[in-house]
Amino acid sequence: MPDVLVLVDHDGEHVYKSTYELLAAARRLGDPAAVVVGTPGTAGRFKESLARHGATSVYAAESGEAGEFLATPTVDALELAVRDASPAAVLVCATTDGREAAGRLAARLDAGLLIDAVDLDSSGVVTQIVFGGSYTVRSEVTHGTPVLALRPGAVEPEEHPVTAVERTLALPSVDPAASARITARRTGLAGDRPALNEATVVVSGGRGVGGAQGFEVVEELADALGGAVGASRAAVDAGYYPHQFQVGQTGKSVSPQLYIALGISGAIQHLAGMQTSKTIVAVNKDPEAPIFGLADCGVVGDLFAVAPQLTEGVAARRAVR
Amino acid sequence: MNIVVLVKQVPDTGAERTLSQTDHTLDREDADLVLDEINERAAEAALILKETTDAHITVVSMGPDSAREAIRKVLAMGADRGIHICDDRLRGADVLTTAKVLAAAVRTVEDVDLVLAGNTTTDGQASAVPAIVAELLGLPQLTHVRQLTVDAGQVSAERETDNGEATLQAPLPALVSITEKINEPRYPSFKGIMAAKKKPVHTPDLDDLFPDADDSGLLVTRTRVVEAVPRPPRAAGIRITDDGSAGRHLVEYLIARKLV
Ligand SMILES: Cc1cc2nc3c(=O)[nH]c(=O)nc-3n(C[C@H](O)[C@H](O)[C@H](O)COP(=O)(O)OP(=O)(O)OC[C@H]3O[C@@H](n4cnc5c(N)ncnc54)[C@H](O)[C@@H]3O)c2cc1C
């Protein structure tokens with residue numbers, strides 16, 4: 001079986017769940033080979049959990065400066081791994097960093113690139129949902145080593161214990177004239193909440209939330225459900241919530257199991273980022289709000305009455321379990 | 001300082017978008033085309049730099065004839081000249097070919113210090129084009145930035161993504177992609193619109209941009225659509241009007257669906 005490279009998404013301490021999803025998808029095409037880019041020692045820490053999810057080899061691409069420059073160390077590592085393994089495909093997670101690394105790698109390989117896949121079959125055909133959910137498109141790469149970016153949450157992670165061989169890749173030193181240096185980093189403002197594009201539940205607030213303080217109601221419901229908080233652009237523009245949580249055409253695209261829209265009218269640009277969610281619940285006081293046209297459960301009412309009651313009920317339910 | 005701004009025309013987001021039955025590319029004829037909103041902000045970022053430094057701004061766009069309108073708009077905002085790559089062979093170009101054409105066009109501009117682009121376009125391009133252009137030009141990539149400072153041959157920027165925020169620094173020349181939060185674009189003035197009519201728009205030949213392309217010609221796409229199916233619109237489900245107990249009904253709804 002050919003190798004299938006998987007770029008490991010991690011924060012230095014933990015492997016993100018999306019990596020295990022990629023490993024599960026990779027097994028459909030061949031033997032998953034995980035590529036870890038990080039400071040020395042990172043791959044060693046991750047090896048066991050990667051092997052538990054089916055990685056038959058783990059490439060360690062480690063250097064002191066790997067985390068100090070944007071994009072290029074990752075692309076260098078993937079390129080080296082491709083040269084070494086001649087894989088059937090390269091899988092990355094369709095996060096901002098992942099898309100960019102995938103694009104740059106495809107340019108180096110002059111290879112076909114498919115981004116934002118929601119599924120992948122054993123013949124390498126990828127499913128994408130385009131135009132804000134209006135088309136399902138199945139595509140394949142016809143030139144070069146396929147570089148595929150999968151949406152987090154698209155594939156179920158699976159345990160599949162194997163023994164992993166560790167291999168080393170010697171990262172070239174970074175050319176500071178061709179790479180941007182990361183001089184400071186502030187982790188996501190999400191705190192303990194799951195990342196928007198990884199969460200199984202997303203609770204979003206819109207202009208109807210009325211202010212930054214009103215977002216407490218949104219956060220409390222998200223926390224009761226163990227979900228992430230999102231916002232409409234109107235809420236972001238009004239300064240109620242930071243931009244990185246914007247859901248929609250020019251924000252994040254999410255497809256959680258449950259999406260709850262509080263005080264969001266349902267403009268086409270917002271729907272573009274969430275209408276592939278499995279279940280959609282909307283609370284809006286305007287019975288004519290377009291969001292009701294696609295909500296599986298629509299509540300006509302004041303979010304400040306409905307959401308706290310829901311939060312309370314969910315918390316009570318969690319407490320008895 | 002020489003600045004190049006990459007812009008794209010996109011279907012108006014309010015309009016319905018359809019895929020052509022014959023080749024599964026976007027039916028542009030059907031859609032109202034506008035200058036992409038985020039690209040407009042990239043142009044604004046260039047114009048702000050021009051206010052404080054001696055800058056020359058070139059607008060580059062790849063696209064059908066109508067893309068000239070997008071270039072004209074940025075010229076009307078205050079850019080100095082345009083480059084429009086327009087060739088039927090580019091219909092259905094993939095992300096990589098798009099980036100290659102843009103990079104080749106940037107190479108025709110002498111002594112480029114800064115390439116500016118939007119971080120994403122509203123028509124579902126993969127947000128990877130700016131990073132690929134940086135790769136092809138060997139420039140430092142400062143992408144998804146909401147704040148930008150150019151000073152003494154250095155660019156520093158605040159990057160904002162799903163992984164949090166980062167401060168980036170690089171020497172010029174560099175490529176920067178901006179998010180929609182960076183600024184509010186200006187409206188072209190009447191004077192600007194009149195002046196734009198006299199500004200040069202160069203239309204290089206695709207074969208001149210790729211003199212080394214072999215006889216088989218330019219590789220336009222490395223992927224193939226196997227199937228494209230319109231998705232049925234989502235149907236509305238149940239509706240509850242709050243009588244003081246809707247929150248509790250919702251709890252039951254979620255329990256019944258094993259969502260809590
Ligand atoms: C190019 C472009 C890109 C865009 N990208 C995005 C994007 O990525 N994401 C995005 O979200 N938007 C985007 N938009 C903006 C979009 O068109 C809408 O303006 C925006 O989504 C509206 O946000 P909203 O629903 O919060 O606000 P509104 O449309 O103002 O709706 C607020 C809703 O709250 C309800 N409400 C008020 N008070 C209460 C209450 N107490 N209880 C219950 N309900 C209440 C009202 O009935 C109303 O329906 C984009 C627009 C353009 C042109």
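Backbone N, Cα and C atoms are what each Cβ position is placed from, and that goes for glycine too.
Over in TrEMBL, the protein carries these features:
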- A:R207, A:232-233, A:246-250, A:263-270, A:N284: FAD binding site (BINDING)
- A:4-184: domain 'Electron transfer flavoprotein alpha/beta-subunit N-terminal' (DOMAIN)
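Counted over every protein chain shown, other Cβ atoms within 10 Å are most numerous around A:H270 among the binding-site residues A:R207, A:H270. Listed binding-site residues A:Q249, A:I264, A:A267 compared with chain B at a CB cut-off under 8 A give A:Q249 as the close ones. The highest number of surrounding Cβ atoms within 10 Å, among the binding-site residues A:Q246, A:Q249, is found at A:Q246. If you count neighbouring Cβ atoms within 10 Å for each of the binding-site residues A:I264, A:A267, the highest count belongs to A:I264. In the three-state DSSP scheme, A:R207 (FAD binding site) is classed as helix. Following the DSSP three-state reduction, the secondary structure of A:H270 (FAD binding site) is helix. The average per-residue pLDDT of the prediction over the domain 'Electron transfer flavoprotein alpha/beta-subunit N-terminal' (A:4-184) is 95, rounded to a whole number.
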